[in-house]
């Protein structure tokens, strides 16, 4: 192109007059103050009416040259354009290669593995973002999908805006066809990426639905398990209460059986007392003041009685004598018996050498409340507070206590 004439500087082209890759001053010295791009080589060409071909390309038949060949023609006609370099088609996923169109084509062939790795990393990043949405729940996942669709639309709109910004002001049909081809290619790539993302989101949605179903099932089963556990715990408490009641009843039954085995039904009762030394010490210390014997009866359906022994004495015999009393107990057949109780009572401390038993007897005081029909479990004990001196209990002449054991006998007169 001819060098610029005149002293007025050539203004920069309008921003819509240069396509991408068209340097602003490839062809110098335009004849007009305004310039546009050569339809053949994308180089700057002076605006001179209908002449849209720069002098370097005017010798070529541009109508018969394909877009790819036209680029090679541009490289030959304007090597400075090729030296400027173009980016790799995979720059959007991280490839930083730039060069001439031929070197870019060779780069695409030789760098397929690295491009696949870049695409893989790109997809992993999107998958991670989608995974975050999955962990946050379906609402967050739908929001991520909307964001992706919006971002893809923005990218498409941005690319279209850039293309429009860089669209050549030439009205050449070939250039318009090339631009349309590039736009369609970019749109196809973005649509392909969007379809991939939509497929990924669809799969993740299915997984989310399956997870929600499994979670709902698990929650329902957990609720059933909790209700079952509560029911079993309540049942265990009931069984424990029942078991405690049965243990108590069994204890009473065993005690009753033992008492029945030890009881007599003829008015005569023999009471064996073991650990006499320890029991005397406990009585003297006030720890165990008195001892009760098992119950016995004057007959099978007669009076129910028991003995009460104070090893350290009671009343007038405290600390000096054994005090022995009889206790009228409430029986099952009291309503059929004559009251007050009037049978003679005889106490005996047995000499285990059978030499000299200690004996004391008395007849009931019919006016005493101790011998009236019992209104509680037991009446007040009555008997002999000075039954036997403590000083003679360990006498070597007698065996009232032998092997730390002594025997007391009670005889209730049954004939009236």
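In case you wondered, yes, glycine gets a Cβ from its N, Cα and C as well.
As annotated by Swiss-Prot, coiled coil applies to 182-264. The predicted model assigns the coiled coil (182-264) a mean pLDDT of 91.
For 185 (among others), the entry in Swiss-Prot reads ubiquitin cross-link, with the evidence type experimental evidence. In the three-state DSSP scheme, residue 185 (ubiquitin cross-link) falls into the helix class.
The 10 Å shell around the Cβ of residue 193 (ubiquitin cross-link) contains 19 further Cβ atoms across the protein chains shown. Swiss-Prot lists 193 (among others) with the feature ubiquitin cross-link.
The domain 'MATH' feature in Swiss-Prot is assigned to 266-412; the stated evidence is sequence analysis.
What Swiss-Prot records for 146 is phosphoserine, and it gives similarity to another entry as the kind of evidence.
Residues or ranges marked as region 'Disordered' by Swiss-Prot: 1-24.
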State the Cα to Cα distance, in Å, between residue 185 (ubiquitin cross-link) and residue 193 (ubiquitin cross-link), rounded to an integer.
12
